[in-house]
Amino acid sequence: MDTKAFTRALKKSENYNRQGFGHAQEVATLMQSAYKSNLIQQIRENNYTLQRGEVTIKLAKTFGFCWGVERSVAMAYETRQHFPNQQIWISYELIHNPSVNQDMKDMEIKFIPVIDGQKDFSVAGNNDVVILPAFGASVQEMQILKDKNCQIVDTTCPWVSKVWNSIEKHKKKKFTSIIHGKYSHAETIATSSFADKYLIVLNMTQAQYVCNYILNGGNRDEFLAKFKQAYSEGFDPDLDLEQVGIANQTTMLKTETEEIGKLFERTMMKKYRPDQLNAHYQNFNTICDATQERQDAIAGLFNEKLDLMVVIGGFNSSNTTHLQEMAIENGIPSYHIDGAQRILSRNKIEHKPLGREVKISEGWLPEGPVVVGLTSGASTPDQAVEDTINKIVAMKLVVMN
């Protein structure tokens, strides 16, 4: 499929909207009430610090809703305002936040069901409204919705669209796209759908394996087994790694994306000589500003003397997971929760350790004065951060009283 021609035609369709419906002021009031927090604003104005009894909270200087997420949520609210009586669907979670997705359900916005790992778009009627989430949607999904004559409301983050543009540039030069991301993540599924040839690498270890294969060859069957589900149909590592372009899932670790890009650059220079680099390697900066800012902000917190970190965000949120990863790498006890309800008591917290299932841990909140570093992922509203702060303070007060 000519994906560039398809998306160009789709955007000209009268059934396509990515600008909203003129209800911005009304929606802003609703979102202020639902997601903003006076307490959080006060903490920002107090050098991102709150002192309550034995608890000192140190907030990262950038956290929570990013511009792309806020835009996506606002467009969903606008869509319900504009189509008060029509059936509205979301093709996936709007964002990776359980409370916001519940708000969508409370507005009688339904989610396209997933059956045996596949989205069942047959439930959407020809005149239904379908919202594409902040992560975007695959070309194939958009084609289905266009063919069904659905009203498409596209809330894809512009940073994600920027990555798609890079993929189109790779494709124009017949390069294979090397995508730094998680092959099962909604954004990476959407991004890879724009490529003719692609390979998804999760981390530096996988990137090093690929680069070693480029330089020295290897066992083709082993390669394909190692990257099962992470490459395009018909991909051949012996033929399709001679010209590569770098792209990324926007929520991956900035430093790792940069290191992977440099590794492939060095590899192609070594394989084909420096003067031939441009014929074999492309890299465009597609690291999301919001992701970078939140990672830089938590790094700034590490200069403080912290007893522990609490990281708030959906358990399936990639950008939140990477914030958690940074805290752990800096040797700080860290707890990833998706809301204040996970703080069960002064002694118990339900959280998701890095790379593991949700569990309950004991002894998470130290005795005596405690300094808690706190941040949240790009899909987490300020109100969820306030609720968590209040719960932590309340747990300490129980002991003091």
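The backbone N, Cα and C atoms fix where each Cβ goes, glycine too.
Site annotation for dimethylallyl diphosphate in Swiss-Prot covers HIS185, SER317, SER318, ASN319, SER379, and the matching candidate from HIS82, HIS96, HIS280 is HIS96.
Nearest in space to SER317 ((2E)-4-hydroxy-3-methylbut-2-enyl diphosphate binding site), taking C-alpha to C-alpha distance over the recorded positions CYS66, CYS157, GLU187, CYS288, is GLU187. Other residues of the same chain near the isopentenyl diphosphate site, with their Cβ within 8 Å of the Cβ centroid of HIS96, HIS185, SER317, SER318, ASN319, SER379, are ILE95, THR251, GLY313, GLY314, ASN316, THR320, THR321, GLY377, ALA378. Taken residue by residue with DSSP, SER318 ((2E)-4-hydroxy-3-methylbut-2-enyl diphosphate binding site) is part of a helix. THR250 ((2E)-4-hydroxy-3-methylbut-2-enyl diphosphate binding site) and CYS288 ([4Fe-4S] cluster binding site) are 5 Å apart (CA-CA, integer value).
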